Amino acid sequence: MGFCGDEPFTVWHNDSGDFSKCFEDSVVMTLPAIYLLIFGMKRLYYLENKKPDLFTLKQLSQDFQTWRKTLQLEVIVSILLVAWKILFFIVIVSIYNKPFEILYSVVTVVQWTVSLGLVYLEMKKGQSRSWEIRLYWVFAFFVATVKLRTLTLAIAGKSIYNVGFLEYFSYFVGYCLILILSITSVLFFDNLESYQNLEENEISKEVNANLFSRLTFWWINSVLVKGHKKALEISDVPTLGEIDQSILLSEKFEKAWEEQLKKPNPSLPWALAKAFGPHFYIAALFKIIQDLLIFVGPTLLKRVLGFVESRDGSQDTYDGLIYALLYFLAPVVQSLLLHQYFHRCYRVGMWLRSAVVTAVYKKALKTSLREGTTIGEIVNLMSVDAQKFMDLCPYLHMIWSAPLQLAISLVLLYRILNASVFAGLGIMLVMIPINLAISNLAKKRQTISMKLKDRRTKAVNEVLNGIKVIKLYSWEQSFMDHVNEIRNKELDVMKAIKYIQGFSLLLWSMSPVFVSVSTFTVYILTGQVLSATQAFPALSLFNVMQFPINMLPSVVSSIIEASVSVARLQKFLLKKDLDPNVVEHHINEPGIAVKIDNATLEWEPNKPILHDINLTIKKGELVAIVGQVGSGKSSIVSSLVGDLDKTKGTVAVNGSVALVSQQAWIQNATLKNNILFAKELNQDKYQSVVQACCLEPDIKILPGGDQTEIGEKGINLSGGQKQRVSIARAVYNNADIYIFDDPLSAVDAHVGKAIFKNVLSNQDGILCNKTRILVTHAVHYLPYVDRIILMKDGRIVEEGDFNTLIEAGSHFTELMSHDEQQQQLQQQQAPDKSSDSNEQIGGGDNKESENNEEQNEEEEGENENLLEKVLRKSRSRSPSPSSNRNIDGDDIASGSILQTTRTPEEDEQDERELMEDIDIDGGENIQTPLQKGEKSSVLKQPLRLLKKLPTSINKKLNNSGSGVSLKPITTVNAKPQDKNKIISVETKQEGKVSFKIYLSYFKAIGVLLATCIIGFYVLTQLLSILANWWISIWTNSYGGNGNGSGSGSISLSSSSTVEDNEKAKYYLSIYVAFSCGTIAATFLRSFSMVFGSIKGSKLFHEKMFKAVILSPMSFFDTTPIGRILNRFSKDQLTIDESIARTLGMFLNTFCQVVGSIIVIAWVSPFIILAMVPVGALFYFIQKYYLNSSRELTRLEGVSRSPIYAHFSETLAGVTTIRAFKDVARFVTENERLLDENQKCYYINISSNRWLAIRLEFLGACLVSCAVLYTVLARSRIEAGTAGLVITYALAITGNMNWMVRMSCDLENSVVSIERIQEYCLLPSEAPLFNDKSVPMSWPSHGKIVFKNLWLTYREGLDPVLRGINCTIEPKTKVGIVGRTGAGKSSLTQALFRLVEPLRGTIEIDGIDITELGLNPLRSRMAIIPQDPVLFAGSVRYNLDPFDQYDDHEIWEAIENAHLLKAIKDLDGGLDAMVQDGGDNFSVGQRQLLVIGRALLKKANIIVLDEASSSIDIASDALIQETIRTKFADCTVLTIAHRLGTIADSDKIMVLDKGELIEYDSPSELLKNQDSIYYSLVKASESKQNIDNDDESN
């Protein structure tokens, strides 16, 4: 007896058409056991090795009663089922003895026992029910149904097998138990883990969704309902589950990537596959089954048409009804499987993006940006390249799925059309090498395209970072040309790629036409008759082939693009990290904080910047590092925080490090949070730090106090305020070692001394017991430090304390002598002191005068009295023609102070205000923290001199914050009512995308071209319909000649006439003509769309960039750079690559749907009755979905901007972040922002699946109705007509689905146009040019007249300049001073028209500047800003972007800027490249280059905003001399932090709260002891004297 007993092993029983009993029991019934063996063992291994969770069944609260009861039911049913299966086994063994029957019974008992074991373990470990068990129960139920059917037929006597009642009853009871388990698995599901990490209101419904809900995406209904009722907000979107969160995904990827890094050739794709592959591979199972179900329709079509042709009643109507039912069930199951596949793939794509973005972010924090990767490139890696991965994932399986579908199609076609199918196969084989060649061409250009995208993004980023300088220099046009030049190159390459892709797509999309034409031609020419049962199933298969054929080139193209992105990402991730061991963190020698031993360090390989450095710093020591510009001071700092590569020696620090960079790094956060820097608040410590850093007065006048939001890069703080916040952050950090990289250069002299005393000094400084390293150019601090390190050419040339170095002479003496030389140069016209001046100054208070005299005697030869120096310098100059004029031009008796009637109360109030805030720049005050009981000797003297100050300078600070240099001009989405906030919240449009947005795209393409494109799509569909309609006529013309049985084809009989043959050729020729017309129309539509999309992309980018660069400064002050970059990267990418493709697919499907409706209505009007309600439901579902999808897309776009903003902010402060060892916090914030963005994307893609399933369900209903109609009307309809109806019904299902989805995708994509259009319509500054012309020599004199000038930054804020009236005569040198919010910067902005006047005018050489275009105004003046900005490009480009000057003039300017040697030493000289932001130059060298710009410009009006703050004393002396000589015939306005800088000015302008308080020569102002200028000079001198007293004591 064999395995099957007496029967042979066969699959089918020939008599009944059912499975044979042996095959059913031994194969079909064991399939669930095989599934359980594969997946159950995996789950068993996991459970055995997992520790129990914190909660078990007994620990669950009342909230989990559903889970508890379901679990109890499942356990009880599983036990009963195992017991019953054992009983069933006994029954089977007692009745049967065949091996396959015994095997079946044993396998059944074992598999259910294993299932029970898994259920028990999951309960014991506190785990949610696994998908492996749930799917097993559902699978087992369906398989058990097959067995039950067999037994039911047998017991009913309709089978050849005999079944007893006992066997049937025992099986039926087991079947009912399986049914219970499958129902619980489908309807009940609680994910216990979700309750551990999330609040109840944050939990996504998906977490606890049952199987039915997951299959149909019912769980997303709650979000869609909310979105239908109102515009969704970010808070309405559920939080990502733990499996989707960036932190977990990053850990998985890092683990896989670390394994790859151990290999000789690390592979990023393999790392991603290792981390996320399993989930992706499981999706392939769904795809395989779905691919097989695709062919149910064509197979059934042949049977349906055969049924229609069998009018003789040989086939029962019941068979036709079964066909109609199958036409409904197969697409529904296919849809459920397809969208589970898509959902998994999209989810994996989202995971890949999270992992890649996080990896790039972390890598940027670990590598040096001097390695050659620009910020623009890194932004593209995060936006464009990561997006390529995400876009590819859903279609990557088509690489094997498409060939599989094509192979099955060809096999089925062969069965229908015999060997003629090989003609079509030959066409396809010919296309493969052609498309491979095309793909290679596309790949090469894709690499170039990505590089150009990087260059463009980098250029735009540079423009945004340097926009203020660009506007001040009127360089907008130059940078527009520069960016547009790169963009045009990018578009040229993109155009080539699109034409290549268009040609490839044309070949593939037309291949079904080629295949059908060639196949039918060969079929007819071989003498065959084409019947309806052959033609329409064949056409249906050709339609099936169309999708994989269309998708294959797109997927190949996407793979090519992704491979380019992989290479770029892999190259970046493989960049060398900064060596974490370059700085050792342990020093064996006790009492040593820093030790550098014989170290040579470099920024770039083989280009050392520091040579043989030997440096030892003791704990608690205060060390100053000095030297000329480019000597290596900042490089020493960089070496201590690990930014430099070490080629030899050792660098070691013992303890934590806090860094204050030379250029202050400020976060977009509140002032308080900037200081705390995520440290826990200690109020007393915080207050003392704020006081020590002289920030208290600033906090008092900020609109929100220390809760005021600081804009991006500290936009609403002055340079001094930013630097003091930076110092406060470091001090609060409580580190062991503090490194100050010349931060005091940004503050005025007396505030710098106050900070030095309060923070750094060995006597009273908060950090007196800490190790302090101070890089400085201010030599007056050097006597008070423990040790001085002198750098020159990257080497330490001298070292010691102040006195030792002075006695030793050499380099240090030379450095100190420069200060004296500078003073002597300024004193050449007045070598002697003025006794008159001394008497005048001394007339204030006798006691204080005596003290000052004693101090001056002690300091004689070391420190000159600043008041005397100012008087001497001012007296030495010729008196200005207007020196005795009033501000308005009228004579007044008391110099230039505006007198008003005052009361004693006002005087007292003024004294209190001045005690708190005597300031001459953006917030620099002289208040110092005093110990309890300490006398305020610091402020006593100046206060006594200021008792009679006028009331006009001491008005109370208003609540609007106008006393602070906030510049929130009204801009897009600004919220002026919130005065604590500077950065506007990015909002989104709500509701349906306006038709104007679509119209703007068509206008960008060109109305005529857009009309032609639409016409070509209509023509293509019309010709396609005519071809199919002709097939229907063709097949109907043969009447009953077709073989209705569907056995294949019939040959022409011997009686066939030549006429019949000619008739077939006639029909074939017309069909070929229509097909050729379709090909031609497709060609025209494809290439016209490419041409139009390129034209539209170019126009949108140009308009947006022009609108952005011409926007007022207020826009940039309130808009983060990351938000703007988002428009230029992701949104522009959507217009470049997505919209045209999506629009084309929508137009195509729309034409197909309309065409199908026309054909169906024409052939069978009755089906319209079914189409009306189905169409209505289509519309309702689409509208219901679109309300939410549209808002989710907008939210996804809005939430993407903070990622880029955070990234840009991080890169700007990466050195500080690394020094503070705070990398982990910033990584966590990046992950949080990424998750906020991804949750919108995830819900959006899930809603897409929700939509598709419902639309395809309606489509299945429509097809079923069409088949039902043909079945019921077979007596009145021809087979060819029926084939046409069903073919178009099948087509309209998919097409209507795709049309709705493409319309939704199109609207979602058009959101990018909406966002770009928003920027295209930004309000602009005044035009660069207008009708008003001025001579080329204007301004020839440089006379400036302010007439009643009022200025406000935006409507609703108080004016920042109030009635300024004064005249600056030609060639006058004016020093501008004032305290916080005085209006100094506002005056400069008004002069350059960065802000337009509220009222009043400014005239230059008699011309009202508001009548001029901005270009002639700004380009005829020169400004040297405090923050030097350089752009990537050559040195020549940075000095002369318009190529206006020859090499001789440029070299002369460089020489006068004292940078000649540094530039000549560069490879390439003037053509040497400047890195992003000038990173390959020191800050001082950057400042000198900026001075070179002004020298090259040769303007008659020069504005200096602390032009030499970052320059050493020696260079400063030379620069000051250059300014005096080269700008001698110019009008010069100098905003001063150091009073010495303006001591020799012709006039001093004192501003306070927007009012001009004093305007006269320094000598005249110093004669009046009540003048503010006198008090400032005296205060500075007093502070210096007190410091000297403290030192001597």
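Just so you know, the numbers here start at 1 and follow the chain as drawn.
Glycine is treated like the rest: Cβ placed from N, Cα and C.
Bear in mind that the values here come from a model prediction, so they are computed numbers and not experimental data.
Lifted from Swiss-Prot, the feature list:
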BINDING   627-634, 1378-1385  ATP binding site
COILED    844-875  coiled coil
COMPBIAS  851-865  compositional bias 'Acidic residues'
COMPBIAS  877-886  compositional bias 'Low complexity'
COMPBIAS  905-922  compositional bias 'Acidic residues'
TRANSMEM  75-95  transmembrane segment
TRANSMEM  135-155  transmembrane segment
TRANSMEM  169-189  transmembrane segment
TRANSMEM  280-300  transmembrane segment
TRANSMEM  318-338  transmembrane segment
TRANSMEM  392-412  transmembrane segment
TRANSMEM  419-439  transmembrane segment
TRANSMEM  505-525  transmembrane segment
TRANSMEM  1005-1025  transmembrane segment
TRANSMEM  1157-1177  transmembrane segment
TRANSMEM  1251-1271  transmembrane segment
TRANSMEM  1280-1300  transmembrane segment
Here the 10 Å Cβ neighbour count for Gly627 (ATP binding site) comes out at 26
One stretch in 318-338, 392-412, 1005-1025, 1157-1177 has more Cβ pairs under 8 Å to the transmembrane segment (1280-1300) than the rest, namely 1157-1177
Lys633 (ATP binding site) falls, by DSSP collapsed to helix, strand or coil, into helix
Sparsest Cβ environment (other Cβ within 10 Å) among binding-site residues Val629, Ala1382 belongs to Val629
Averaged over the coiled coil (844-875), the pLDDT of the predicted model comes to 39
Q | Segment-segment contact (the transmembrane segment (1251-1271); the transmembrane segment (318-338)) at 3 or more Cβ pairs under 8 Å | A | yes
Is the count of Cβ pairs under 8 Å between the transmembrane segment (280-300) and the transmembrane segment (1005-1025), pairs 6 or more apart in sequence, 3 or more? no
Near the transmembrane segment (318-338) in space but 6 or more residues beyond its ends, with Cβ under 8 Å, are 215-216, 286-287, 289-290, 293-294, 296-297, 300, 303-304, 307, 1252-1253, 1256-1257, 1259-1261, 1263-1264, 1267-1268, 1270-1272, 1274, 1293
Across every protein chain in view, the count of C-beta atoms other than its own within 10 A of the C-beta of Ser631 (ATP binding site) is 22
For Lys633 (ATP binding site), the same-chain residues 6+ apart in sequence with C-beta under 8 angstroms from its C-beta are Ile625, Val626, Gly627, Asp741, Asp742, Val775, Met791, Ser1482
With the fewest other Cβ atoms within 10 Å, the residue among the binding-site residues Gly1378, Lys1384 is Lys1384
Once DSSP output is merged into helix, strand and coil, Lys1384 (ATP binding site) belongs to helix
